[in-house]
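Going by TrEMBL, these are the annotated features:
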{"type": "SIGNAL", "residues": "1-26", "note": "signal peptide"}
{"type": "ACT_SITE", "residues": "80", "note": "active site"}
{"type": "ACT_SITE", "residues": "138", "note": "active site"}
{"type": "ACT_SITE", "residues": "142", "note": "active site"}
Ligand code: 5GP
């Protein structure tokens, strides 16, 4: 075989190898570029919080805390975050990505304020050690690790809102009779079954005392529901009977603007 023919054959071989590995290679390069040394996550966890429970911790008020505006404080599960998880029960955090910029989500602010409010006066630290808004913390700590499923900040918040609306936990529980009350206690098994029947997945629950504080649902990367990592108990910190405190039944000093 002539030497130009051998060179051509080599080039063809190299092209074939590049095409064959391109998909995986793109992802790896993307992850290294966007996610530092962390390996790609396995699944998503949507964490929802029950304001009636969370707001009971409020002792002081500030304008950024939705617990403090009693008139429009939410009586639905609101979003805590969309987290990336590994199957072994650990998770990546603070992957590399652009720092939070509220301008990027200016068109989403109305639903964000309503369904993803901060229920705290504290300004959490971002991955860059600066204190900032709750949304910035969620994007930088968790959202940046959702690459390549979620490409940027806008897509992260939009995707989370869409998943939240599609899997309407509040509606499912209210329809099953699990409604806000300061006197009723509900069987935890009933709450878990309602979610299982509606979404074919077992939720993870977190309580504060006997009050339900968080409900979390897991998803494959295509946002089909799946169970969370099998070694975490769905019952979490909850007793057999739990309450869903009505919002506004907590006590805080509404005449102060100091941060809690
Ligand atoms: P994460 O649980 O997402 O890793 O961290 C939540 C951080 O945000 C904490 O530092 C917490 O103090 C702060 N934070 C601000 N607003 C809220 C809120 O509404 N709910 C929760 N769970 N944390 C909040």
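Even glycines carry a Cβ here, placed using N, Cα and C.
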**Request:** Report the member of 80, 142 (the active-site residues) whose C-beta atom has the most other C-beta atoms within 10 angstroms.
**Result:** 142
**Item:** Rounded Cα separation (Å) that holds between residue 80 (active site) and residue 138 (active site)
**Value:** 8
**Asked** By a simple count, how many Cβ atoms lie within 10 Å of the Cβ of residue 138 (active site), its own Cβ left out?
**Response** 24
